[in-house]
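According to TrEMBL:
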COMPBIAS  B:1-15  compositional bias 'Polar residues'
DOMAIN    B:99-318  domain 'ABC transmembrane type-1'
REGION    B:1-27  region 'Disordered'
TRANSMEM  B:36-58  transmembrane segment
TRANSMEM  B:105-127  transmembrane segment
TRANSMEM  B:139-160  transmembrane segment
TRANSMEM  B:188-210  transmembrane segment
TRANSMEM  B:246-267  transmembrane segment
TRANSMEM  B:293-314  transmembrane segment
Amino acid sequence: MNTTARELWTGRILLIVVMAVTIVPFVSLFITALHPPGTYPPGLALPEEFHWNNFLLAFDAANMGALLQSSFIIELGVVPIAILIATLAGFALGHLNVPFKRTLFIIFVLGLTLPFEGIIVPLYYQMRDYGLLNTQLAIILPLIGLFMPFAVMWMRAHFVNMPQELSEAARMDGASTWQLFWRVHVPLSRPAIASLAILLFLWTWNQFLLAIVLVDDPEKRTMAGALGAFQGQWGTDIPLLCAGSLLILTPTLIVFLVFQRQFVAALLQGAVKG
Amino acid sequence: MSTTWSTTDKASSHPSAPGPSDDLRRKRRADKVRRLRTGLPGLLLVAPALAFYGVFVLRPLVATVQYSFYEWNGISTATWAGVDNYVRLLTDPDLLGPIVNALQLIIYFSFVPVVFGVIAAAIIRKMGASRLAGISRTVLFLPQVIPLVAAGIMWTWLLATDGAVNQFMRVIGLDGLTRAWLGDFDTALPAVGVIGAWVNVGLCMLLMLAGMTKVDPSLYEAARLDGAGPIREFVSVTLPAVRQELGVAIIITVISALRSFDIIFISTQGGPGSSTMVPGLEIYYLAFFEREIGQASALAVALTVLVLIVVLPLNRLTRSDSDS
């Protein structure tokens, strides 16, 4: 009994220390964002007066309105299309009799570990030839392709587990493949689709490399890509840089905290299946 | 002896019987046509995904390999260079250095988070449904959710000369050790590594926790009854149970080390000197600033191959028997 209590306390203290180390950077960012703009505040010191106004200043200085608009265009271009075509492919590969099923699946899986850096150079010239450089499409189109390995694998894993009897019954009632998909399987797949949508939303928001290479204008980038540009711009105005960073990372925190369960489930299952 | 006989027998009997084999062939062909026809709707459903993947991933992948054999500045005509770019990759310290740095980063991005993740998960599992366990699970995972760029900005500030890290060291009397962590040749790479470790711990913890919750609690009881302490219990019960998750955690974090770009771009830009230069960043500089497309592509191929070399054996380790 005695050892259990001691173990428990050691465990608690260790956990609290690790949590503190995780939280301190966020706190430091937040406190620094409240210092007078243009100053170089020391570490974790509280300012004499809280400059909440910094968030507004950063919002204006970064032209955050235009940025948000661009980010949403990119999200709207990537997430629904990626979800739709990955669900179709996952349904076919997981549930239907498709010729070359295994080969097709292996081709998709091959892309799972591919580093984006490995294809960024030709992607740049490809986008230049299409005349898409410096437009949101230059980020949207490749991102859909790059998400396919994970998305198809994730949806296939879902459809593999759907009972065949269900489809047979629908076929008996005269459903075509298309009807079977939309009327029977999509409604039943909502949780799997929702999890994937949350993951893709965050990955798109956070995408940096494609954004800085394919789009010069920070106001046409993803949020993370724009953040990279601020750093150069306001490298010296630390409080504003911190306020801007907070503005950009807060939506991701909110999405995560709200959809925590689906997010974690998707990530774990996807990771282990990979 | 007898087996040799029987195989030659079978092989020779096949072509010598024209009637049934002709029938068989026709039937097989009809089968194939039918399978293709019934399979066509399925193929059509896969087509859009395959098209995006093919045009924006596979095609550039092939192009990278192709570019890597040329010398090209992106504007004038490319000239065939054979394996020159690869030879330079292996002999030029400026190009080999980033790869060595990336391999070193594996210690920080993978090894450290996996160890901390396992420990944290073991503690959290023991706490069961307590509030602390729930909160810490969420908190530890937060760094995974924010853009890596934001993580880079936070830590650049923490590790600065007047940042919180130095402030803390002064408080506990380690004044002598304070420095600009990211600007010092000796500490820049480990400092960048710490950022990666901070980001990856949560993912490792979560993966381990998922593995541990599958363990039958009676196993722990049995271990306790046999007089196992917490460490013994961990080694004999927990670790074997999370083998697969451990493999996954290692794969994901090792890949994140090899392809590190965002954090380094923001915090050090590869410097000081080239002490934190990594392949991803070097590809970016070579291709878009020095206009050495061929050399950048050769490095990109090397990076891709390196990831595969590391991942494939690890992947075999994690494959469980129940995999479909």
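Here the Cβ of each residue, glycine as well, is placed from N, Cα and C on the backbone.
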Quick one: do the transmembrane segment (B:246-267) and the transmembrane segment (B:139-160) reach 3+ CB pairs under 8 Å, ignoring pairs fewer than 6 apart in sequence? yes
Does the transmembrane segment (B:188-210) come near the transmembrane segment (B:36-58), with 3+ Cβ pairs under 8 Å (pairs 6 or more apart)? no
Chain residues outside the transmembrane segment (B:139-160) and at least six past its termini with a C-beta under 8 angstroms from it: 120, 166, 180-182, 191, 194-195, 198-203, 205-206, 262-267
